Amino acid sequence: MGNDAGSPQGPVTCGSWIRRPENLNLVVLGRSRRGNSCPSLLEIFSFDPKTTSLSTCPLTTYVLEAEEGDPVAIAVHPSGDDFVCALSNGSCKLFELYGRETNMKLLAKELAPLQGIGPQKCIAFSVDGSKFAAGGLDGHLRIMEWPSMRVILDEPRAHKSVRDMDFSLDSEFLASTSTDGSARIWKIEDGVPLTTLSRNSDEKIELCRFSMDGTKPFLFCSVQKGDTSVTAVYEISTWNKIGHKRLIRKSASVMSISHDGKYLSLGSKDGDICVVEVKKMQIYHYSKRLHLGTNIAYLEFCPGERVLLTTSVEWGALVTKLTVPKDWKEWQIYLVLLGLFLASAVAFYIFFENSDSFWNFPMGKDQPARPRFKPVLKDPQSYDDQNIWGPVDM
Amino acid sequence: MAREQIQVLNALDVAKTQWYHFTAIIIAGMGFFTDAYDLFCISLVTKLLGRIYYHVDGAAKPGTLPPNVSAAVNGVAFCGTLSGQLFFGWLGDKMGRKKVYGMTLMLMVICSIGSGLSFGHSAKSVIATLCFFRFWLGFGIGGDYPLSATIMSEYSNKKTRGAFIAAVFAMQGFGILAGGIFAIIISVAFKERFDAPPYELDPAGSTVAQADYIWRIIVMVGALPAALTYYWRMKMPETARYTALVAKNTKQAAADMSKVLQVEIQAEPQKEEQKANSYGLFSKEFLRRHGLHLLGTASTWFLLDIAFYSQNLFQKDIFSAIGWIPPAKTMNAIEEVYRIARAQTLIALCSTVPGYWFTVALIDKIGRFAIQLMGFFFMTVFMFALAIPYDHWTHKDNRIGFVVIYSLTFFFANFGPNATTFVVPAEIFPARFRSTCHGISSASGKLGAIVGAFGFLYLAQNKDKSKADAGYPAGIGVKNALIVLGVVNILGFFFTFLVPEANGKSLEEMSGENDEDVGTQEESEQSHSHNNNRTVPYV
């Protein structure tokens with residue numbers, strides 16, 4: 001859809017899902033300038049899970065000024081109300097979503113601490129939305145509290161050049177990788193480096209994602225070994241490597257993990273994507289040349305559906321339905337429970353009908369539900385009650 | 001009690017996430033509170049059910065539930081608990097905890113209300129429907145029980161782990177207390193409004209028509225804490241924590257992951273460690289290392305629950321036997337409910353609840369082993385003190401002494417094995433077997449509860465059949481039943497020696513996951529043997 005011939009637009013450079021209330025999911029796309037006729041844009045699209053497609057027209061559009069440059073990276077706050085966009089002119093801008101889906105607007109705000117900091121390769125929010133991190137092309141790493149923007153870490157020489165980074169599920173660690181193949185772990189609460197991931201001399205750690213499953217305390221890294229790209233798994237209590245596995249056939253360019261932590265996805269420089277189940281590290285979905293011959297720039301799991309959003313400069317934005325086993329739906333569990341309930345009700349009823357001897361009622365089958373009471377008129381208590389309404393002595 | 005609570009908070013102060021700890025206690029504890037209320041409130045009303053639905057014209061005694069019906073009404077919830085534990089355990093793996101919370105609590109709310117609304121025009125259908133809903137109430141409780149435990153494990157740390165878990169478990173005592181207090185309130189209110197003569201003066205009139213509402217209200221009110229628990233749990237934020245780190249299950253998680261990856265070529269010690277940790281559940285290696293531990297935790301929980309549940313469900317029969325509660329024929333239906341509730345509440349207030357909080361305060365100071373041993377020991381002593389000179393206690397002048405000693409039995413059950421049998425299985429097994437072994441021990445406990453619920457009822461009947469309640473075969477009498485329970489406690493005391501002390505040790509240290517030296521293992525065995533030898537002189 002990105003290359004609709006009727007209305008030429010700039011190439012998609014970045015994008016992200018936006019989780020909205022009532023299980024609604026939107027997509028924000030950033031487009032760069034093309035010539036003089038197509039300015040840089042930020043567009044918001046709605047996502048239709050039934051057809052697995054984005055809306056044909058954006059819900060709203062924001063036009064970037066020429067001096068602002070092109071959008072480079074987008075990070076959406078977990079609340080879904082705003083997102084930060086890193087621009088090629090070296091600043092970051094905050095955008096707030098206003099209104100309902102039928103009348104949506106984007107409002108831009110300046111973030112003073114992020115003005116003129118140089119082009120940022122990666123920006124990210126922590127899982128709980130309380131921290132924000134920016135990694136620059138110049139290797140400068142910043143971690144701040146959100147929304148107060150208090151500086152936690154400001155490290156000008158964290159890396160040669162930041163390649164990728166990710167917050168851990170509990171917001172305790174930040175992992176960052178460099179273009180020279182090294183990877184570092186930062187302790188966020190203290191704002192200090194914790195360790196460097198171990199690797200062999202021929203290995204380059206390129207991408208990193210923390211596990212989102214609380215029972216699996218791992219960091220997944222895409223490692224380039226010569227011409228081969230493998231996925232390595234590190235344990236985050238000791239930062240030792242557990243093992244590795246070759247998943248995607250070409251060099252990996254992007255990595256993502258699903259919100260419930262069940263699936264890991266890799267996109268390659270040739271346009272392939274693969275989706276792996278984390279528990280068994282087994283490929284459940286492989287799309288060859290989804291973006292034919294083009295580097296996949298961005299890839300992310302939909303918050304509530306088994307759908308992937310991918311973007312590339314050549315082919316724009318695509319949403320792909322994944323061929324993975326369906327999850328148990330909540331209503332299916334309730335159905336099982338109801339079935340068990342009704343089955344036991346039937347069993348109880350059969351027992352009830354054939355179990356006179358079990359209940360052992362002294363009056364046999366016709367034992368009444370209440371004991372027989374004496375006639376009301378003979379009860380002195382009742383007589384006294386009646387008297388209350390009788391004639392009163394005047 | 002306030003003092004103990006302050007101590008609990010002080011213990012929690014050590015942890016960074018103090019507020020989380022406190023709210024987690026309330027939220028997880030509400031689950032246990034609800035479970036205890038629902039499971040034990042039935043014992044307050046079974047006498048009333050007998051009077052209403054099993055009335056026999058002309059009988060010298062008020063109507064009572066026949067033994068099989070009484071056992072069914074009391075015990076069917078425990079059968080449901082066992083089933084629910086299995087079902088929701090499987091479901092939790094499939095769907096994640098938060099969704100399952102909703103289901104178990106919804107089930108508990110619906111079935112509490114259903115129990116109270118047990119419908120039908122004949123006594124048979126009322127009792128049958130009550131049993132049906134009690135089963136499903138137990139099913140929901142079975143699902144809720146391990147989930148409450150899971151919430152705790154996410155927030156506890158090494159130093160206060162025992163106190164924290166015990167504090168949540170202690171909410172069970174408050175549930176029992178709440179049941180008794182509420183029954184007192186309801187029965188007093190109905191007594192004031194609908195007075196009636198005692199049974200021996202007017203058999204039919206002693207059970208007023210409105211008595212039917214009493215047991216229904218008491219049972220249905222169990223839905224209220226369940227609904228509150230539901231509300232609070234839905235407000236809990238998603239626990240964005242690596243629970244594996246908190247529960248120190250990282251080795252298990254890493255081992256599972258390494259099976260599906262190409263593992264790096266490791267140095268020799270690593271390989272040895274992997275080999276050492278590769279034995280499966282119920283393999284020879286497991287039985288050699290942990291078989292006795294599992295036997296210890298499962299058997300002590302089983303034996304404890306036989307004594308604990310039988311005493312809780314049938315303490316009113318004991319009270320009648322020693323005269324603390326007057327003979328049934330001297331009271332009307334509502335008065336009987338009142339006296340039973342008052343007696344049970346006093347026991348809970350003076351013994352059960354303080355026992356729990358003593359455990360909370362001391363479990364990390366004097367250790368699980370000592371508490372469990374001491375608890376079983378004193379339970380045994382007091383049980384025999386009641387049973388052997390039983391005739392002495394039946395005299396009216398001595399019944400205060402009986403109540404005091406009986407209360408101390410409950411105190412040391414809760415400042416003792418009732419709390420520690422819950423804590424210890426979560427601590428002494430290797431990570432990859434921990435949940436399974438805890439499940440086995442817990443299931444043994446439920447089995448003990450069923451044995452206690454169904455078994456004691458028959459045992460405690462009078463030897464003389466003519467004096468037994470209607471429909472019961474002759475039993476062995478309260479005296480001999482108490483002796484049997486004393487023997488059960490002695491067995492629990494001795495099986496406790498199979499369980500190692502976990503206080504202050506990390507889970508890895510405790511379960512021997514890091515043991516790589518065979519010599520160390522042999523030394524451990526020698527020490528264990530020696531410990532066994534020490535017990536011989538006591539016998």
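Every residue gets a Cβ built from N, Cα and C, even glycine.
Here's what TrEMBL has on this protein:
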TRANSMEM  B:20-49  transmembrane segment
DOMAIN    B:24-504  domain 'Major facilitator superfamily (MFS) profile'
TRANSMEM  B:69-88  transmembrane segment
TRANSMEM  B:100-119  transmembrane segment
TRANSMEM  B:163-190  transmembrane segment
TRANSMEM  B:213-232  transmembrane segment
TRANSMEM  B:346-363  transmembrane segment
TRANSMEM  B:369-388  transmembrane segment
TRANSMEM  B:400-419  transmembrane segment
TRANSMEM  B:439-460  transmembrane segment
TRANSMEM  B:481-500  transmembrane segment
REGION    B:508-539  region 'Disordered'
COMPBIAS  B:510-524  compositional bias 'Acidic residues'
COMPBIAS  B:529-539  compositional bias 'Polar residues'
Beyond the flanks of the transmembrane segment (B:369-388) by 6 or more, those residues with Cβ under 8 Å of it: 300, 304, 307, 359, 362-363, 402, 405-406, 408-409, 412-413, 415-421, 424, 479-480, 482-483, 485-486, 489-490, 492-493, 496, 499-501, 503
Of B:20-49, B:69-88, B:100-119, B:163-190, B:481-500, whichever stretch has the most CB pairs under 8 A to the transmembrane segment (B:213-232): B:100-119
Contact call for the transmembrane segment (B:400-419) against the transmembrane segment (B:163-190), three or more Cβ pairs under 8 Å: yes
Positions whose Cβ lies under 8 angstroms from the transmembrane segment (B:163-190), at least six residues beyond its ends: 8, 11-12, 21, 24-25, 28-37, 40-41, 44-45, 148-149, 152-153, 155-157, 210-211, 213-214, 217-218, 221, 225, 312, 334-335, 337-338, 340-342, 344-345, 348-349, 352-353, 355-357, 359-361, 363-364, 414, 419, 422-423, 426
Per-residue pLDDT averaged over the domain 'Major facilitator superfamily (MFS) profile' (B:24-504), given as an integer: 80
Distant-in-sequence neighbours of the transmembrane segment (B:100-119), which means Cβ under 8 A and at least six residues beyond its ends: 34, 38, 84, 88, 91-92, 125-127, 129-130, 133-134, 136-137, 139-141, 143-144, 147, 215-217, 219-223, 226-227, 229-230, 233-234
